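J.: Please read through the structure below; I'll follow up with questions.
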């Protein structure tokens, strides 16, 4: 019997497509093409594990769009390639001794086999890998474009897209050279150019991972401060690194997001990552230190209480400096004795009671006193071992060291101590902050830890103080000794705050409040809830200025502008825009990556001079040398440092000895531009043919995981904008429409909870064992468990697996059969090796076929949602495909032949109505990427036609075309059985006739006093009188109306009839 046999059908059509090069895309469109579609999947890293079922979800979505677009006459580009450089292959090579190129080629072959087995309509003639020498030749070429570019923030220009922009990347030859640089000669000019390039070198504090032997970007560090690959410890070191000046493009990266058809969540992530803020740069003059921090504290509080003004009691040196600044203005670079800070709250300058420098700040060495030097050096050493994430952890106890030096607050001439602390990062802002402990939580915690002054300069709104009363009620409910002491302190604080709110309040009340707030740290604060309460008085919002001299009683928004303007007049501040985004650390200390096309000049002793030369175009690609030993030595020296001398060194024509750059590029480099290369992948003379670039780009549809929202997408946009500025591409953005597919979780697992004390050591939440219910075991119902604790008794519990045959449904809960009071959970988890819930698509294809896998992943739910895997769901879709097969094929015959029900006759009106409704729905659902509902419509069609004794062939042909993008192997086979000799790949897509959508007959509800009593069939165009008559004639309705008086009839054509009776 010719039953549906995926194992026979699918290899047959995959071989056909490959033999006939069905999906190879010419760069010349057909004359009748209706436009172009460039649809792209985020290309995968070819790991040794192969594909998992999460990969095909996005790939199937783009394939459906591409297949339907071809049938609608679109000129479709749908390529695939490999993001193949990177650390995993190198780590595998180090562990096994197999060269990464061998491992990579093997993994790519496996991935390619898997993708072909799933029937994706990729143009394999455009296949590329980032490790191909002819590919990374152009990656190196793009790096050289970055090296040859500087960003002119003042240039207003109109691009090829017709839009005017401010700021442009320009050739380095167009960089204006200041006269004072020019007169110093060519070496000074080269240095000046190097300082302004988009690709530049910097000795920067970096995340060094000794175990991996490489530097990691902040984005490659976990929340625990470990490497995201291998979970190894990470420490901070100063290393020479190549950096890319992505910060120059921060404004355009934010502004031009608005024009993209991207998920708002991704746009928000990018905006937050770039982190634009508006504030002020303010300069603080450093003065000689004094011996006592306490004497300074008293002086600061005295000045605050006296409402110090802008020019209050300035020191002679400060007055002299200020006078000079009032003449010269705010300089681009501050003097060596000045600390420049960036603040979003210049309105709180009167509340700045100390300063904090990052431990790496260059001024630390200059200003630290002899008595503080040892403590400062020890603190800096410890800070160097911490990652940025660890240093900025809000839950971490704040620490720091006094430098012994003081600065002058430019707003009131108050002398404030300068500390160093690791919660300030050299990579953000200026690496220095003015600390305002009354209005910043981190500053407040630091001030509490070191007994530093707190001056409130913003009076919160009344509603903020009123909201605190709810917190009082919450603490009262704790009913503990701690809560009683807190309430006593809080009442006293609230009383003082009421007096402070009065404009006539004296400074003594403010001082009393500060003392009381300090004393609160002496309480036995034992819970995190109470700790949070202690920071609630650190108000950081908007309000009214107090303790701010002439700015008192003004809204903080006004004070921000006024203080910035006043200080700018005397050259001490200026309005500024800052970004959280940092320049891109682009060096990696590993072998398996693109070599930099850079030569370092050496002096007569073989020592680098600091000057570099780019490789010439003819020298590209700079290929990786053959090396057997590339294992990290535990030092920052990259593996390429011990490459053969023939690769490392050469003598330039001018006689200068040169050495290659031995760092390699990060994995992100190759993935930044692969979408461009697909358009012209065999061009050896040009980066891309301009005509092909203008035709194919930008990418029309880009589908991939949301985990790439920041890194890959932001980096790609940056590179693309540089190429746009330099005239190499004609559009400012690479990806027009972006879609993030949801994660596919593992099969749902049943989880029970057992008291920790009642189970053996091998039971744990990380490796749950199977539960064998026994009456003596101390089980806990899942409804009482939160954060692995029984909320009733605070007893720790352990998660254990429960088998399906051990539970039963009871109401809305799942309970243990033998212990029905014990509720268990049904949850799906992320697929991982450790859980043992990874699904290999090869196994699914082997059992059910590729079409079943494709269809199931699209039927699971909306594309963007996270969804649990279910093998029973795959089996259900497989049965549906079997029904589609039997709808067309006679499965009772000895050979494959059409079902006797399939006849070459005209379709009835009802059959045409069902068909055209299906065509309309499926077409619109594909356009909306609502594939699950499109499949539902096809199921409805199948159910309707399977029940018909006669099925017009013309209807089934149209339906098979609708099925083709979803289940292409089955559709091709049915198309052939229906009598067609060519592939349906380019067959015209069905078009619905609106006239065929009109229903000739409708089913409407009939109600009596608002309750449904019957459903009746009526002509679609029946008027109210006809509807009422048909409804009243129904036997069921007549029974409901018998003996009653009809008071009113509500009759809505095509909708309903309601009899109101009494």
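The backbone N, Cα and C atoms fix where each Cβ goes, glycine too.
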J.: Could you tell me which of the ranges 825-829, 830-834, 835-839 is annotated in TrEMBL as motif ''KMSKS' region'?
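T.: It is 830-834 that TrEMBL annotates as motif ''KMSKS' region'.
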J.: In this predicted model, what is the average pLDDT of the domain 'Aminoacyl-tRNA synthetase class Ia' (822-856)?
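T.: Taking every residue of the domain 'Aminoacyl-tRNA synthetase class Ia' (822-856) together, the mean pLDDT is 90.
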J.: Let me spell it out: take the domain 'Aminoacyl-tRNA synthetase class Ia' (822-856), skip the flanking residues so only those 6+ beyond its ends count, and list any with a Cβ under 8 Å from a Cβ in it.
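T.: Distal contacts: 6-7, 9-10, 49-56, 60, 63, 114, 117-119, 743-752, 766-767, 779-783, 802, 807, 813-816, 868-869, 873-878, 880-881, 935, 966-970.
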J.: Including all protein chains displayed, how many Cβ atoms other than that of residue 833 (ATP binding site) lie within 10 Å of its Cβ?
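T.: Result for residue 833 (ATP binding site): 8 other Cβ atoms within 10 Å.
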